[in-house]
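> Got a structure for you, questions after.
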Amino acid sequence: MLSRPVDKRVKFSVMEGQPANTFVGAIPREPNFTYRFNEAPREFTLNGSSGEIRTTGVLDREALATDRFDLVVLSSQPTYPIEVRINVIDINDNSPRFPEPSIHGHPRTATDGDAGDNDITTDYKIVDGNDDGKFKLDVTINPSGETPYLHLETTGRLDRETRASYQLNISAQDGGSPPRYGFLLVNVSILDVNDNPPIFDHSDYGVSLNESVPPGTSVLQVQATDNDIGDNARLTYYLAETETQFSVDPETGIISTVEPLSCHQNCQQSQPCAKSCVFTVFARDHGSPLQDGRTYVTVNLLDANDHDPVVSFRYFPPTANFATVDENAQNGSVVAAVSVIDDDEGSNGQTTVEIRAGNELGHFRLDSKSDFDIVRVNGVLDREKISKYNVTIVATDKGTPPRSSTAFLIIHVNDINDLSHELVPIGTYVAGITHCNDEDTGVNSNIYYAIISGNDNQWFDIDLQSGLITTKAPLDREVQDSIDLKITARDGGPNPKRAYTHLKISILDENDEKPTFAQTVIINVSLSENTHLTLCRSKRPGNTPLSSTATVILSVQDVNDNSPEFYPQQYFVVVPEDLPLGSSVIKVSATDKDVGENAVTSYELNASDDNDNEFEIDHETGIIRLIEDEAKKEPTVGREVGTVGVVNPSSVGEVSYAIVAGDPDKVFSIDEKTGVIKTTRRIDREQAASYQLRTVATTTSAYGRTWVNITVDDVNDNPPKFPITRAHATVAENWPVGTRFRIAAFILSPGRHHHMEDVNDHTPIFEHGSYETSLLESTPVNDRFFALTASDEDDGLNGFVSYDITEGNEERNSASSPMGICT
C-alpha cells in the first residue's frame with residue numbers, strides 16, 4: 001500500500017496538570033469536511049466538525065510514556081492526512097527527593113521527576129542543625145553534567161564532650177519558578193578521642209590520722225572523672241614509685257597505709273604545728289594517647305602521748321657539775337635553769353615544772369619562762385644551818401593521761417666572809433678553816449692545810465697546821481672584787497688522804513681612786529643655741545674625798561630656726577609670647593639668717609594654676625626659665641621607668657626578677673635583684689604608644705608573675721607635614737581681599753599643638769578574622785590564657801580600643817579586660 005503524502009503538519013503544546021477538556025489546538029480544516037484521528041489516543045479527543053483537539057483528562061507528564069505525541073488526522077474527502085504533534089509541557093510539580101529521608105553517613109544527591117530547569121538540582125544547603133557552624137556542605141559538579149557529588153565537611157574542631165551528635169537538615173532546591181525543595185536528615189555522631197585528662201573532684205585532699213595507726217589502715221578515697229567515654233574514660237589510680245608509706249587501690253582510689261607513718265614538720269620549730277606527709281595521687285585513662293591527672297594528699301599526723309618529759313639543768317658557771325649559791329645571795333638570785341624537752345606535739349608536748357620535795361623551808365622558788373624555768377633564791381640562806389639542798393624537780397605534760405619525769409637538783413651553799421676590806425693591813429685575819437677530824441692515830445692523824453687554787457694575785461696565806469687564813473699583800477677591789485679559794489686538807493700518812501672545801505671572799509670597796517676624765521687636757525663640747533644651761537654636781541661618799549679637774553670649752557651651734565625670706569616679696573615680669581624655650585624669665589632671691597647648711601637655700605615652684613607647667617626654676621640660683629622639652633633634657637637610655645617587687649621579700653629569700661613577654665624588641669631591661677625597670681634605647685611614641693610587660697619573680701621555692709603597663713608620654717618632636725608637596729587651588733578672580741581657603745597639614749605628635757580634629761571614621765580591626773585556643777578544664781579562675789590585639793587608625797579617644805565579649809559566653813565562664821586579655 002502506498003503511503004499518502006501528508007497534506008499539512010501542525011504542532012500544539014499543552015501544559016500538564018490542566019483540567020480535562022482543556023483546549024489543545026485546532027487543525028486547519030476545509031468546509032464540509034469531517035476529521036478523525038487515524039489512531040485515537042486515550043489522552044486527546046478530536047471534534048470532527050470543528051477540528052478542535054482537547055484533553056480527555058488531567059495530564060501528568062511524569063506518568064506518561066512520552067511527553068510528545070505524533071498523531072495523524074484524516075479528513076472525509078479527499079483523504080489527505082494532517083500530521084499533528086502535541087508536546088506536553090512540564091510544570092514544576094515534583095520536589096527534589098533524596099534516596100532515603102534520613103541517613104547516618106555521607107549524603108547522596110536528590111532526584112527530581114520534572115524536566116528542564118525544573119529538574120536541575122544543584123543548590124544544596126544545610127538549613128537546620130548547624131547552629132554552631134561546625135559543618136559545611138560542598139557540592140561538586142560533575143564535568144560530564146551528570147549528577148553532582150555532595151561532600152559534608154567540618155569547619156572547625158569538634159568537641160564530643162560539648163556536643164555528642166548532630167542532626168543536620170539538608171535541603172535540595174530545583175530550578176523551577178517558584179522552586180521546590182526536598183529535605184534529608186543526616187545524623188552525625190561524634191566519635192570520642194582521648195582529649196580530656198582525668199580530673200579529680202578536689203585539687204588537694206586533707207586528712208588527719210593518729211601517728212600510731214597500724215599498716216593497712218584506710219586513709220581516704222580519692223575520685224577522678226574523665227569527660228571522655230569508653231576506654232578513654234576508664235581510670236586507674238597510682239602513686240609515684242618513691243612513695244613507700246601509702247598505697248592506692250587502682251580501681252577504687254582508696255588510699256591505705258603500708259608501714260608505720262613517719263612524717264616531717266613543715267613549719268618553724270618556734271611555732272606549734274603537726275607533722276604531715278604530702279604525696280601525689282595520679283589517675284590515668286586507658287585511651288591513646290594516655291592522659292594523666294593528679295591531686296595532692298596531705299596527711300596530718302595526730303600526736304600520741306608516747307614520750308616522757310626529759311629534764312635537764314644548767315648551772316652557773318656552765319662548766320660546774322652542780323648548782324652553787326652564796327649564803328648571802330639576795331632574794332631572787334638565779335641558782336639554776338631547768339629545761340624540759342618532750343618529743344610529743346601539741347598539748348602532749350606542753351609541760352609544767354614544780355618543786356616536789358627538798359624545799360620544805362621555801363628557800364627556793366620556780367619562775368616560769370616561755371622555754372625554760374629558773375630556780376631562784378626565795379629567802380635567807382644560812383650555810384651553817386643547811387650547806388646543801390637536794391631539790392626534787394617534777395615535769396608533767398598535758399597529755400591524756402599525762403606523763404611525768406623526776407630529776408634531782410643538788411644545790412651547795414657557799415660560805416661568805418664579809419669582813420675583808422681592800423685596805424686592810426698585811427697579815428689581817430680573814431677566816432679560819434673548821435678543824436678537820438681524822439680518826440687515824442700517830443702521824444696519820446696530823447692535818448696540813450694548803451691553798452691550791454684561786455690565789456692568783458698571792459693576796460692570801462694559810463697556816464699549814466692551824467688553817468688560819470690571813471692577808472699577805474695589799475688588796476685591790478678594782479683588780480678583783482671576789483676570790484674563790486679552793487683549800488685542801490691532807491693527813492700525814494705516807495699515802496695521804498685529802499679533803500677539799502671552797503672559801504669565797506668578797507673585797508669591799510674603799511675610796512682609793514681619784515675621778516678620771518676621758519680627755520686629759522681640753523674637752524670641746526658643741527651645744528645647740530637653744531640648749532638650756534644646767535649645772536650638775538656629783539658626789540660619791542668616801543672617807544677622804546678625791547677630786548680631778550678638766551677644762552671644758554662650749555661651742556654654740558646654729559639651729560635651723562629661721563625661715564628664708566624673699567626680698568622683694570613680689571616680682572612682676574612680662575614674657576613675650578615668642579620667647580624661645582629655655583630662656584631666662586627672671587631671677588628671684590631669698591636670704592636665711594642661719595649659718596652653714598641651715599642657710600643654704602633651695603628654690604622650687606608651687607603649682608597654682610594650669611600655666612605653671614610652662615616654667616621651671618633653678619633650685620640653686622633661683623632663675624626661672626621657660627620649660628624646656630623634657631625629651632631633650634632627660635636621658636632616654638637607662639632611664640628608670642618603675643619598680644616591681646614582692647610582698648615581705650625578707651620572708652621568701654633571694655628574689656630574681658625577669659621580663660618574659662611583651663618586649664620583643666628589648667626596649668626595656670629589669671634589674672634581676674632590685675626589680676628596677678629601665679629603658680635600653682630611645683623610645684619613639686609614634687612607633688609604640690604603650691607596652692604591656694609580663695614580669696616574673698622567682699625564688700628557690702616559689703614563683704609569681706604580674707603585668708606592667710607602660711604608657712609612653714608624647715613630646716612635640718615632629719613638625720607638621722603637608723600630605724602633598726605641591727597643592728593646586730582654584731581662586732575666583734572676583735574674590736574679595738581677605739577671603740580664606742584651607743590647605744591640609746598633619747602632625748605626628750599629639751598634645752597641645754595646633755592640629756587637625758580627628759573624626760571617628762575608622763572601625764577597629766583585629767589582626768586576624770578569627771582566633772582559636774585550647775584550655776584545660778582545671779584552669780584556675782582569673783588565669784590569663786589569651787590576648788587579642790586590634791588597631792584603630794583614628795586618633796585620641798577615637799583610636800582607643802577596648803574589648804568585650806558579646807556572644808558565646810552565656811554561662812559567663814570567661815571575661816575580657818579593656819586591654820584585650822581573656823581570663
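Heads up, the Cβ atoms here are built off N, Cα and C, so glycines get one too.
Curation plays no part in TrEMBL annotations; they are all automatic predictions.
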> For which of the residue intervals 38-57, 98-117 does TrEMBL record region 'Disordered'?
98-117
> Determine how many residues of the domain 'Cadherin' (109-200) DSSP places in helix, in strand and in coil.
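Each residue of the domain 'Cadherin' (109-200) counted once, the result is 4 helix, 42 strand, 46 coil.
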> What are the DSSP helix/strand/coil residue counts across the domain 'Cadherin' (201-311)?
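Looking at the domain 'Cadherin' (201-311) with DSSP, the answer is 4 helix, 51 strand, 56 coil.
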> Could you give me three numbers for the domain 'Cadherin' (9-98), the DSSP helix, strand and coil residue counts?
0 helix, 38 strand, 52 coil
> Could you count the residues of the domain 'Cadherin' (317-427) that DSSP puts in helix, in strand and in coil?
4 helix, 53 strand, 54 coil
